[in-house]
Each structure stands twice: as C-alpha cells, then as structure tokens.
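Everything on this sheet refers to the single structure shown next.
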Amino acid sequence: MNVKILLLLVGLNLVMHSNATGDSETNPAETLFIEEIFRRGCFKEGKWCPKSAPCCAPLKCKGPSIKQQKCVRE
C-alpha cells in the first residue's frame, strides 16, 4: 500500500515538473504583472471608490466630482 502511494507521488512529481519546465503557450499580454495583483480590500476597475478604501494597483480614483469617482486605469 505504501509503495503504491510512493509511486503515485513520484509520478505526479514528474508530471508537474515536466509541465513547469516545458514550453508554455501563455501570451505575455494576458499575464498579470506584480503591481496588478489585487490586494485584499481594494476596489477593482469600474467600481465606485469612496475615501475609506483604495483602488487596486495600478488603478487610480478619478471622476468629475468627489461623489462620482470610479477606479480607472491611467
């Protein structure tokens, strides 16, 4: 029983390692940069942004008046 579990773990490790080192077809434009990773408790793009909570990086709170501001990209 323990041998089967060990072999399954080794096999899974090999599969995961080959996926990590293989060529990825990820488009760099689709990936998030470090500064775009959303913090907890921040507002995302298009949401109203009161003074009590910030917009997620790299968004800024902008609008025609204080009561009509939304999180937008600069």
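Glycine is treated like the rest: Cβ placed from N, Cα and C.
According to Swiss-Prot:
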DISULFID  CYS42-CYS56  disulfide bond
DISULFID  CYS49-CYS61  disulfide bond
DISULFID  CYS55-CYS71  disulfide bond
SIGNAL    1-20  signal peptide
Surrounding CB atoms that lie within 10 Å of the CB of CYS49 (disulfide bond), all protein chains: 20
Distance, CYS71 (disulfide bond) to CYS61 (disulfide bond) (CA atoms, angstrom): 5
Between CYS49 (disulfide bond) and CYS71 (disulfide bond), the C-alpha gap once rounded to whole angstrom: 6
Conformational class of CYS56 (disulfide bond) under the three-state DSSP mapping: coil
Cα separation, CYS42 (disulfide bond) to CYS55 (disulfide bond) (Å, whole number): 5
For CYS71 (disulfide bond), the three-state class that DSSP assigns: strand
In three-state DSSP terms, the structure that CYS42 (disulfide bond) belongs to: coil
